[in-house]
């Protein structure tokens, strides 16, 4: 992969970025790729709690089995559950964007591909004049945009794609994440095709609902099913 990985972002918070990242990380590694990840910024984390349920970065670290210290794969952790800039203001901490970029570039030297998981959506402020989309632009990774099956997803997804295109940020495609176990409505089932038609951006697949998600969720059987749901060859080819 020319850009050595992907930046995984979403139309909003809580859409399913971490589940998509974990699934792709597991599938890439099963296919012999030296895949790694970094979660550059995470908020709402109690650093005194060791549970993976408390932190996306810890969850991904346990899922992947990577031998990396937490500070290498999550260089900025804030306790306040808010946008990074707001959380830093509450905690009286300074965020240095250049340091975050450097941490991403450093770990990218060790993994191919590297999956970079953002926090929230594209316009989440990291500092007053530096947002998540600025980090994406600085790193140069093509984007995988995670969207949810819900009312408003056409608007949210198209706005996100417009923002990326306006900055000339390459978009690899959209992955839909199903967060419900009772299946899709007729309206929801049409959303991926509509997004692809309206945006001319490929939909790479759908991540099905995973019951009782944990670090043990990605069994060989589950991964075999996931591989049928996602256009993995397109991602492996870069």
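For all residues, glycine too, the Cβ spot is worked out from N, Cα and C.
Note that the structure is predicted; figures quoted are calculated from it, not measured.
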Listed co-binder of Mg(2+) (same site as 18, 117, source TrEMBL) among 46, 56, 102, 134: 56
Nonlocal residues around residue 209 (ATP binding site), in sequence order (Cβ under 8 Å, 6 or more apart): 178, 179, 180, 181
Residue 14 (ATP binding site) versus residue 43 (substrate binding site) - Cα distance in angstrom: 13
Among 56, 117, 178, which are binding-site residues, the residue with the most C-beta atoms within 10 angstroms of its C-beta: 117
For the Mg(2+) site built from 18, 56, 117, further residues of that chain with CB within 8 A of the site's CB center: 8, 17, 21, 22, 39, 42, 57, 59, 60
